[in-house]
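Student: Once you've had a glance at the structure underneath, I'll fire off some questions.
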């Protein structure tokens with residue numbers, strides 16, 4: 001090779017190296033710019049979701065105001081609370097075998113359990129989950145009653161023993177995921193507030209339909225309590241174990257809270273309530289809305305595109321049905337504006353409600369160095385096969401912001417209920433919490449507990465005890481069955 005050729009080769013190599021260096025520098029700078037933009041989106045989102053103690057108290061006070069308004073006026077505030085005439089709650093002395101039914105969306109859960117009295121734990125709990133056929137879902141309530149009765153016959157045949165000659169009580173609860181199922185659907189019946197005689201008659205007719213069906217199928221089981229939200233069943237379970245149980249909260253796919261109110265505080269339904277009497281109230285707090293709620297652009301777009309825009313605002317911020325969707329929307333914006341997952345937008349990231357709260361919880365609670373669970377879930381859920389560690393860290397941070405806000409708002413709701421009862425400084429108050437978010441999402445649960453402690457401080461926080469539900473999912477129906485005296489009985493006395 002001649003001297004000239006050598007010079008040309010060296011020059012070409014130098015130019016190539018310089019060009020490669022320039023391109024590499026541009027790539028690095030572009031990557032840094034994208035990461036900075038991602039961080040800006042994250043910081044803005046976290047700032048808008050922030051729930052300092054002052055914000056939590058503002059939310060709690062607004063909830064108290066709406067609860068008070070709902071008890072005194074027909075249309076005032078964001079809540080339309082429901083009074084549940086479940087009769088006397090358990091005392092802890094109840095004994096024997098009891099039966100329960102829990103209607104949860106398109107599924108039916110049948111239960112049987114034994115209470116030993118003396119506040120002994122429920123035992124021998126047997127459960128059987130059954131899908132409800134579409135024709136039954138879209139049929140009349142009588143058709144649903146016949147389906148339930150037939151399945152109860154099978155359930156007892158599969159689980160023999162414990163039957164007696166006397167008629168047993170049946171508790172019937174509805175989980176928040178219940179959907180509209182026909183013109184006489186459970187979901188529409190559940191929202192009856194017993195505000196007038198027609199509504200009361202509807203509920204009595206439902207109980208009668210169920211009992212007629214049970215008798216027709218030869219079952220020595222009768223429904224003596226009204227159809228109630230599952231949260232009220234959990235409250236009954238809490239009362240069985242401790243007389244200081246005053247409220248119950250459901251934090252699963254949906255959310256609700258129920259508490260025990262004094263009859264003299266309820267003027268809206270005064271003609272239907274005899275005093276003195278403790279009344280169980282379903283707050284329907286999923287409908288709660290307030291200017292103090294930390295609503296972001298992602299919450300606003302989720303609500304606008306939902307099937308019920310403008311409604312269930314609190315539920316859309318705290319329940320398992322929506323938390324994963326909020327995370328998805330944030331990640332989508334990051335992917336569109338800062339190429340979080342590369343230059344090509346992952347198609348599945350654009351699919352609404354593809355990310356469920358269990359997957360979100362798994363990513364959030366991943367403590368491995370390489371965020372291996374996050375990597376696995378990104379592949380499984382979104383089809384993102386090649387994510388960087390930095391991107392996976394961002395995913396965890398987004399999950400943390402969403403979960404922390406939800407849990408702390410739920411904690412503020414709990415404090416608000418206790419404040420409404422005037423028990424913050426005076427008495428021990430036990431609140432039962434049930435649902436997948438609380439039961440299986442450890443970080444969410446910790447955030448909820450810490451928010452209550454932060455709001456109340458060392459001294460007052462000792463007065464509020466938060467406990468898991470008793471007997472497992474939907475066991476509240478069994479405790480309602482143990483109550484014995486239901487709405488029908490109380491009306492006939």
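Every residue gets a Cβ built from N, Cα and C, even glycine.
Remember, predicted model here, so these are calculated numbers, not experimental data.
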Student: Which range is it, out of 5-25, 26-46, that shows up in Swiss-Prot as transmembrane segment?
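Tutor: Checking Swiss-Prot against the ranges 5-25, 26-46, the transmembrane segment one is 5-25.
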Student: Three states by DSSP: which one describes residue 284 (D-glucose binding site)?
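Tutor: For residue 284 (D-glucose binding site) - judged by DSSP and reduced to three states - the answer is coil.
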Student: Hey, how far is residue 105 (ADP binding site) from residue 256 (D-glucose binding site), Cα to Cα, in Å?
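Tutor: Between the alpha carbons of residue 105 (ADP binding site) and residue 256 (D-glucose binding site) there are 15 Å.
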Student: How many other Cβ atoms are found within 10 Å of the Cβ atom of residue 256 (D-glucose binding site), counting all protein chains shown?
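Tutor: A count of 26.
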Student: Can you give me the Cα-Cα distance between residue 436 (ADP binding site) and residue 256 (D-glucose binding site) in Å, rounded to a whole number?
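Tutor: That separation, Cα to Cα, works out to 13 Å.
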Student: Let me spell it out: for each of the binding-site residues (284, 315), count the other Cβ atoms within 10 Å of that residue's Cβ, using every protein chain shown. Which one has the most?
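Tutor: Its Cβ has the most other Cβ atoms within 10 Å: 284.
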